[in-house]
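Structure, as structure tokens:
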Amino acid sequence: MEQYKSLVIVGSQWGDEGKGKITDYFAQKASMVVRFSGGDNAGHIIVSEGVKHKVTIVPSGILNPKVVNVIANGAVVNLPRLVSELEILKKAGIDTKNLFLSNRAHVVLPYHIAIDELQEESRGVNKIGTTKRGIGPTYQDKVDRLGIRVCDLFDKNFKTKLKEIVEFKNKLITKVYDGKPLDFETIYKELMDNFEIIKGQVVETSTLIETAIKSKQYVLFEGAQGALLDIDHGTYPFVTSSNTSANNASLGSGINHNLITTSLGVVKAYCTRVGTGGFPTELNNKIGEGIRERGHEYGSNTGRPRRVGWLDIVALKYAIRTTGLDKIFITLLDVLSGEPVVKICTNYLLNGEKIFTIPPLNGDYQKCEPEFIEMQGWKEDITKVKNFSDLPTNAQNYLNKIKELCGINIVGFSVGPDRLQTILMESEF
Ligand code: GDP
Ligand code: IMO
Ligand code: MG
């Protein structure tokens, strides 16, 4: 087989592993970054030259002027939000012309957001804790074959089509959820005004991506959320509505899976989760609070405090297996500095029995108790470390233990939010 150069970067936990930062880092040597799933439920903070940027739907390659950024068919796009995000980036002096949007991507509309909110309300104590960005209802419509795709907006009959859908959605909103109906003309105008701004950047992205890889360019595929939020393999029903898996990079961008050579999982040195759902290693104590404060663990999208817990190898190995990871990259290692002891969960106890995987039933997952190995922590500030050998021995031991337990290589680690605080341990990357 021909040797192509492409890399999928995905989250290996419950999101917010630092995918944005790591994608931006690898993008320095790449020609293209493709976002293949999710929507503006994602939120990535990227710090470059001391300046903090936030993206939700714009691919994390955008800070690299030579990179072509692609929002592919598997993603869902809220056009006003995309346009305003691009405006903010432009104001920060970033060139956003190099961004292309798939004509097959589904569009998030105001009724999706309204329904997301109403569905969450109606779930009561069983709420998922969604980001309320309308992502679930947009993917529901996609599967229901009721979705609006970007290509539809070019169609001369689009207004009539949208009007019928809005009328139908208003019935759902008012009659099922007892909500307020939405105004069609307002929805249509806002959508088309924003489409007008972006339509010159709408293309058939699958051919763009295929051509880039086949001409031996280095192409990155950027996942959103994390493996444990995957609709098929995540901790259902407390998941997002798309396949967050590395395996979805080919479907979500419309290319042959053989064109994707390597997949990299970004792994936070501990765990966080926003929203509800099982979290066996969760730390509801001072240690958890300390990590939350040091790691600024508040949602970059919704501002919610993130739940914090020890690193969970059961969950991580499950993610490696189901999402198809070749290698991992450890982030936020610096945040653990100062912990006298660091713990790693190696198995759960479910009804008194040791288990080494995530059980399918949420009720069982909620009952899982973690069993840990304990390791000595390190006190030193590691935020200026440049090599693995500069790390305190206990931090080295921690990384080595993760590698041993996971059975795959750690290609690098990160010791702070800035692009420069990134250490690569494998030269081939
Ligand atoms: P993403 O959604 O996976 O891209 O992650 P988020 O951006 O939502 O959350 C990761 C947070 O950790 C962001 O605020 C990053 O700036 C920050 N971050 C990333 N890597 C590191 C690191 O190695 N150390 C520290 N202290 N912060 C980091
Ligand atoms: P990034 O890409 C963390 C979570 C929500 C909720 C569940 C479903 O920044 O890692 P949704 O709005 O998708 O229907 O919510 O998924 N969630 C995330 N958690 N990081 C994210 O994205 C997330 N995107 C969705 O909190 O539990
Ligand atoms: Mg995030």
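For all residues, glycine too, the Cβ spot is worked out from N, Cα and C.
Per TrEMBL, the features are:
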| type | residues | note |
| --- | --- | --- |
| ACT_SITE | Asp16 | active site, proton acceptor |
| ACT_SITE | His44 | active site, proton donor |
| ACT_SITE | Lys142 | active site |
| BINDING | 15-21, 43-45, Arg306, 332-334, 414-416 | GTP binding site |
| BINDING | Asp16, Glu17, Gly18, Lys19, Asn41, Ala42, Gly43, His44, Thr131, Arg145, Gln225, Thr240, Arg304 | IMP binding site |
| BINDING | Asp16, Gly43 | Mg(2+) binding site |
| BINDING | Ser300, Asn301, Thr302, Gly303, Arg304, Pro305, Arg306 | substrate binding site |
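Here the features listed in TrEMBL are placed on the structure.
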residue	record	DSSP (3 states)
Asp16	active site, proton acceptor	coil
Lys21	GTP binding site	helix
Asn41	IMP binding site	coil
Gln225	IMP binding site	coil
Ser300	substrate binding site	coil
Among Lys21, Gln225, Pro305, the binding-site residues whose C-beta sits under 6 Å from ligand 3: none
Chain-internal residues, separated by at least six, CB under 8 A from Arg304 (IMP binding site): Gly129, Val274, Tyr298
Residue pair Thr131 (IMP binding site), Ser300 (substrate binding site) - Cα distance, angstrom, rounded: 11
Nearest of the recorded positions (Lys142, Ser300, Pro305, Leu333, Val415) to Asn41 (IMP binding site) - Cα to Cα: Ser300
Listed binding-site residues adjacent to ligand 1, that is, members of Gly43, Thr131, Asn301 whose C-beta is under 6 A away: Gly43
Rounded to the nearest Å - Cα separation of Ile45 (GTP binding site) and Asn301 (substrate binding site): 9
Least surrounded among the binding-site residues, given as Ile45, Leu333, Val415, when other CB atoms within 10 Å are counted: Ile45
Among Asp16, Gln225, Arg304, the recorded positions whose C-beta sits under 6 Å from ligand 2: Asp16, Gln225
Which listed residue (His44, Lys142) has most other Cβ within 10 Å, given these are active-site residues: His44
Cα-Cα distance maximum in Å, computed over every pair in Asp16, Glu17, Gly18, Lys19, Asn41, Ala42, Gly43, His44, Thr131, Arg145, Gln225, Thr240, Arg304 that the record assigns to IMP: 34
Alpha-carbon spacing, Gly43 (IMP binding site) to Leu333 (GTP binding site), which is rounded to whole Å: 20
Proximal but sequence-remote residues of the same chain as Gln225 (IMP binding site) (Cβ under 8 Å, at least 6 apart): Gly11, Trp14, Gly15, Ser37, Gly38, Asn41, Ala42, Thr240, Ser242, Thr244
Neighbour-count leader, CB within 10 A, binding-site residues: Lys21, Arg306: Lys21
Residue among the binding-site residues Gly15, Pro305 whose Cβ has the most other Cβ atoms within 10 Å: Gly15
Under 8 Å by Cβ from Gly18 (GTP binding site), same chain, sequence gap 6 or more: Val266, Lys268, Thr331, Leu332, Ser414
